[in-house]
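Below is one structure, written out as structure tokens; comments come after it.
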Amino acid sequence: MDIQLDPARDDLPLMANTSHILVKHYVLDLDVDFESQVIEGTIVLFLEDGNRFKKQNSSIEEACQSESNKACKFGMPEPCHIPVTNARTFSSEMEYNDFAICSKGEKDTSDKDGNHDNQEHASGISSSKYCCDTGNHGSEDFLLVLDCCDLSVLKVEEVDVAAVPGLEKFTRSPELTVVSEEFRNQIVRELVTLPANRWREQLDYYARCSQAPGCGELLFDTDTWSLQIRKTGAQTATDFPHAIRIWYKTKPEGRSVTWTSDQSGRPCVYTVGSPINNRALFPCQEPPVAMSTWQATVRAAASFVVLMSGENSAKPTQLWEECSSWYYYVTMPMPASTFTIAVGCWTEMKMETWSSNDLATERPFSPSEANFRHVGVCSHMEYPCRFQNASATTQEIIPHRVFAPVCLTGACQETLLRLIPPCLSAAHSVLGAHPFSRLDVLIVPANFPSLGMASPHIMFLSQSILTGGNHLCGTRLCHEIAHAWFGLAIGARDWTEEWLSEGFATHLEDVFWATAQQLAPYEAREQQELRACLRWRRLQDEMQCSPEEMQVLRPSKDKTGHTSDSGASVIKHGLNPEKIFMQVHYLKGYFLLRFLAKRLGDETYFSFLRKFVHTFHGQLILSQDFLQMLLENIPEEKRLELSVENIYQDWLESSGIPKPLQRERRAGAECGLARQVRAEVTKWIGVNRRPRKRKRREKEEVFEKLLPDQLVLLLEHLLEQKTLSPRTLQSLQRTYHLQDQDAEVRHRWCELIVKHKFTKAYKSVERFLQEDQAMGVYLYGELMVSEDARQQQLARRCFERTKEQMDRSSAQVVAEMLF
């Protein structure tokens, strides 16, 4: 795929002025309306000004420089003051059915005059424009900047937390007897800093404060990427109200969620893992440094199930016959991008009861597992942490639930349900305590653009992992489970360092899966070498068809993690639609970690990794945090001239294939499983060369039974053959039952069908493009490149059927291929 780079189109601005003020907690109160495809309600933000949180986090690098005396570089928008008498008065005209909203209020379907929505502008993104200082500029009012896109903001007001009975005890200063801005802000300051053991009380106070009356509307405006709020006369973050309520609604075209139908034809909506994350779902602070907690009440028609990334397993509360309410919360501060919701007619599948406590206490710790029980206080900000809970650290299998559309329950019962316990147990045996207390697994609609996505307490999986046996399902499950540690419990402080999430998950999925299968060491090593062989081939392909600047794992180099004085920044290529299909960060990151593990030895490496997890869970990291600790914790004789600078130069800051990896692949011997595949390839080449009419006595070729990864490698080798006859292709299909294999195998099979114009199997290609949308994008390109009229017609026909439901980025990429 020829990727064209355009900074004005592709760069993603993070606008929030997190150096001046931080959101510590969100309270969402939302209604989901499937008829209008809108989510509407309020969000209350509890804030902490910059001076306070900088003192509390003295170990974190100083993010805010001295404030500039110059005015902010972008023009101050004319603020709008929207009088809304009652944005949610009940409408008797609203009809309720299976798919309708249940709400406390009327839904405003048109933007009111004067309401400044986020409008798309044709002008390009300028990093200087978006990285401006929004702090105090003498006589100007302080501006709270939130990341926001595709939202209709109706009203912003200050919340009178002083009106909540019982909260006056949080005011320590006896001179603050009159209710004032300072009085209210002190209440919030004390509330957000309550100790972790009072988390239930804290959540209760947050909920009560969120329902307190307003005490004055605030001026606000919106542009393409932000919501800007100010209060006349409040010139610093300290003076700005620390509890504000925003009334808003999403737009059907908003890019944070997808409104679609599930595989049973029922409507649903879910966060799709958009490049813009959640800023089209609620106004928030997007930069990872803005770690916050949240609680949410979501109402939907009674036939729907609401799943969220909360730590509690919510049950519905029936409000009236046709409406239910769901309540979720989290107590571990995390970036707003990890907030996840899925509302649909999901069916929960029951499984056999697993007693994780029994599993944890039936046997003593092995010597290697003793490393899990590190002594010492956690290094993160205070929250109720599982790593300090003795029973949690020994819990091999956390409570889990599985949800899917009703038509897929059988497939889930056959594969997914029975794989979750051994995969969770395997992850625990490698890394120790699960960072999160529970797990929901949801099979999402066919338009989901990847095979899986992990969030705190919930995981989305594509339907593509349910076919063709256990292998693809198990490996993907292990990949997403690994993200609980790397990507979620430990996050990247700079989003450009994706390898810190995807590289680790890719490396760990093999280790988890081998452990879950209880493979002997030799078998595990062979399978891992085979997967390394496949990834090596994929990395070579990736290097050939991606721009050099997108092949670098640490593109900002010494400026990694840096922001403007306000905290705003720009993510290079963050909006490039082709980026979600690239695997450079997965593959190069995987090979770097594999290189380090081989250099140190598995025992030393994984012992270190457990120590690293214990040290850095609940925190954001940069590459140097991992590499410096690694090198400090290994003996000199195993370091072998490794240094942070060398690793930067060879692996993280250069494009192309790293030189140490090239040397390793040249010197390494082929594993036994790969050699077996080569022998089978030779047989098939021989079969293909035979004349159509064979002698009767000629011996029929006997083919070996192959593992799924071996089948993938076999088909990739056969793709290198210039011609394969229809007879050979038919024999291939019959020998390996290719139409029934997993999606990875079927993808390569479809490539063979397209390359050799095997018309008898075109139905398999059509099926793949419709049912395996997470993997089908490149197949569209191959159909068009062939310049075969029938194949191009097939591609356009499939796209016409699926484009309305297809993921937006995928549809954009495919449309550019077809037209």
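Cβ atoms are placed via backbone N, Cα and C, with glycine included.
Noted in Swiss-Prot for the protein shown:
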BINDING   HIS479, HIS483, GLU502  Zn(2+) binding site
ACT_SITE  GLU480  active site, proton acceptor
SITE      TYR586  site 'Transition state stabilizer'
MOTIF     689-699  motif 'Nucleolar localization signal'
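In this structure the C-alpha atoms belonging to GLU502 (Zn(2+) binding site) and TYR586 (site 'Transition state stabilizer') are separated by 5 Å. A Cα-Cα distance of 11 Å separates HIS479 (Zn(2+) binding site) from TYR586 (site 'Transition state stabilizer').
Here the Cβ of HIS483 (Zn(2+) binding site) has 24 other Cβ atoms within 10 Å, regardless of which shown protein chain they belong to. Around the Cβ of HIS479 (Zn(2+) binding site), a 10 Å sphere holds 24 further Cβ atoms from the protein chains shown. Other residues of the chain with a Cβ within 8 Å of the Cβ centroid of HIS479, HIS483, GLU502, the Zn(2+) site, are GLY452, ALA454, GLU480, ALA482, PHE486, GLY487, SER501, PHE504, ALA505, THR506, LEU508, GLU509, TYR586. With respect to their backbone Cα atoms, TYR586 (site 'Transition state stabilizer') and HIS483 (Zn(2+) binding site) stand 12 Å from each other. In sequence order, GLY452, MET453, ALA454, MET459, LEU461, ALA505 are the residues near the residue listed as 'active site, proton acceptor', counting only same-chain partners six or more apart with C-beta under 8 A.
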